[in-house]
Amino acid sequence: MGDEDVDGKCKNMSACSSTTSYSTKLFLFMVPLVVISGFVFVNIGPKDSTSLLTSLSTTTSHLPPPFLSTAPAPAPSPLLPEILPSLPASSLSTKVESIQGDYNRTIQLNMINVTATSNNVSSTASLEPKKRRVLSNLEKIEFKLQKARASIKAASMDDPVDDPDYVPLGPMYWNAKVFHRSYLEMEKQFKIYVYKEGEPPLFHDGPCKSIYSMEGSFIYEIETDTRFRTNNPDKAHVFYLPFSVVKMVRYVYERNSRDFSPIRNTVKDYINLVGDKYPYWNRSIGADHFILSCHDWGPEASFSHPHLGHNSIRALCNANTSERFKPRKDVSIPEINLRTGSLTGLVGGPSPSSRPILAFFAGGVHGPVRPVLLQHWENKDNDIRVHKYLPRGTSYSDMMRNSKFCICPSGYEVASPRIVEALYSGCVPVLINSGYVPPFSDVLNWRSFSVIVSVEDIPNLKTILTSISPRQYLRMYRRVLKVRRHFEVNSPAKRFDVFHMILHSIWVRRLNVKIREV
């Protein structure tokens with residue numbers, strides 16, 4: 001009504017400009033109406049606009065993040081639904097949706113500005129278009145990550161993508177199409193900055209021919225890599241702290257001293273060094289930084305600095321939830337014993353029909369699980385071959401190749417190189433442990449190609465294994481042959497091998513975090 005009065009006033013004033021007294025009266029009559037109409041516009045207009053903006057944001061917030069499952073537990077829709085099973089819905093959804101919400105708010109605010117100025121022609125002519133704010137490097141990174149999330153989320157509804165090397169298919173994957181899309185997005189944009197500070201042997205070095213070979217293998221591959229490594233930290237998604245706990249135990253720790261402080265101080269000093277020299281650690285409080293360790297003391301070393309243990313991505317062989325391993329942010333990596341530094345002679349084995357032994361294990365009495373296994377099965381059954389020491393002249397690798405199932409109990413720590421050795425040999429792994437998160441569980445459905453047995457069920461081991469039908473065993477065997485490519489060490493690295501699977505797990509953890517400017 002106020003707008004109609006204003007238009008009427010303009011017409012009357014142009015028609016009767018010669019009558020001064022009448023114009024004066026009309027002016028005095030119209031001023032209050034103009035004031036009232038302006039008051040109404042100011043109070044109603046913004047309130048309606050805000051309501052529209054709030055409605056849009058609310059709608060956006062209902063979209064589930066790409067890596068959070070909405071399916072019931074018995075039928076997960078993983079990569080990334082089952083990927084972080086312990087992640088609270090609120091923490092992940094807030095981080096992911098805030099990105100989409102910020103982007104939608106920018107669009108909506110621009111629409112409101114255009115609508116408001118179009119209602120007033122005279123003021124529109126005097127307004128200059130607003131300059132777009134230049135995004136920072138971090139904001140550009142986060143915007144591209146948001147697009148990657150959307151692409152990955154949509155993958156489950158799309159057709160499989162052709163790939164010249166390998167197309168993930170089958171029940172070995174929680175969601176093969178989502179994993180493949182995520183892997184391709186990683187190849188497209190993932191960048192890692194390796195801090196150059198530090199000298200060998202404690203930094204930029206690691207063992208390549210031992211049970212801890214993943215430390216040295218990863219350091220070598222990432223430092224010689226040209227696809228994922230960047231020399232520009234402003235373009236990096238994550239930052240690698242390239243120290244080796246194995247080397248610290250060898251060169252810093254005083255044997256039998258039980259004094260962990262030299263290792264703790266080395267880690268703490270290194271983080272303080274890069275934190276003082278660069279802005280990136282303090283910007284995220286370590287959330288976009290990662291370490292990799294296969295030593296039993298890796299988890300303990302990570303808590304040398306509180307933010308490293310609590311915030312950073314920790315790629316660990318010793319992935320034990322009872323020792324503060326957190327699947328929502330940490331990465332379980334395989335323990336691989338490369339005695340010669342290569343896979344020569346390690347991969348391969350006969351067909352199922354040429355495997356006469358039902359199950360096999362040989363190993364020392366380490367930790368709480370193995371004594372129970374040996375107590376019930378050592379030298380007591382021809383089908384379940386359990387030995388503390390192998391008989392003279394018997395080959396360990398030949399026993400694995402001649403067995404249908406390979407028993408992989410935890411020792412002092414939950415991880416065991418036997419798991420990968422079983423996969424290499426074409427032997428279905430039997431995992432017996434407590435609190436262990438198997439490698440790449442964010443992507444791989446271990447129950448489809450391995451047998452998981454609780455410590456309490458060790459006495460029933462033969463019953464459990466013989467209850468698996470020949471047809472089901474054959475399916476598991478074939479899946480082992482397919483999935484073992486993800487555990488193979490290659491130099492140079494090959495797509496979908498263990499190096500790239502570790503990178504993918506780190507990539508997924510980075511996708512689940514949003515870093516903001518400080």
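Quick reminder: no glycine exception, Cβ is built from N, Cα and C everywhere.
Positions annotated as topological domain 'Cytoplasmic' by Swiss-Prot: 1-25. Mean pLDDT across the topological domain 'Cytoplasmic' (1-25) comes to 42 in this model.
Here Swiss-Prot flags 26-46 as transmembrane segment, drawing on sequence analysis.
Swiss-Prot lists 47-518 with the feature topological domain 'Lumenal'.
If you look up Swiss-Prot, you'll see Asn104 (among others) marked as N-linked glycosylation site.
The feature N-linked glycosylation site is assigned by Swiss-Prot to Asn113 (among others), with sequence analysis given as support.
The N-linked glycosylation site annotation in Swiss-Prot covers Asn120 (among others).
Annotation comment: Swiss-Prot describes Asn282 (among others) as N-linked glycosylation site, evidence class sequence analysis. Secondary structure at Asn282 (N-linked glycosylation site), as computed by DSSP, is helix. A C-beta separation below 8 Å, combined with a sequence spacing of at least six in one chain, links Asn282 (N-linked glycosylation site) to Gly275, Val518.
Residues or ranges marked as N-linked glycosylation site by Swiss-Prot on the basis of sequence analysis: Asn320 (among others). Secondary structure at Asn320 (N-linked glycosylation site), as computed by DSSP, is strand.
Applying an 8 A CB threshold to same-chain residues 6+ apart, the list for Asn320 (N-linked glycosylation site) reads Pro299, Glu413, Val414, Gly435, Tyr436, Val437.
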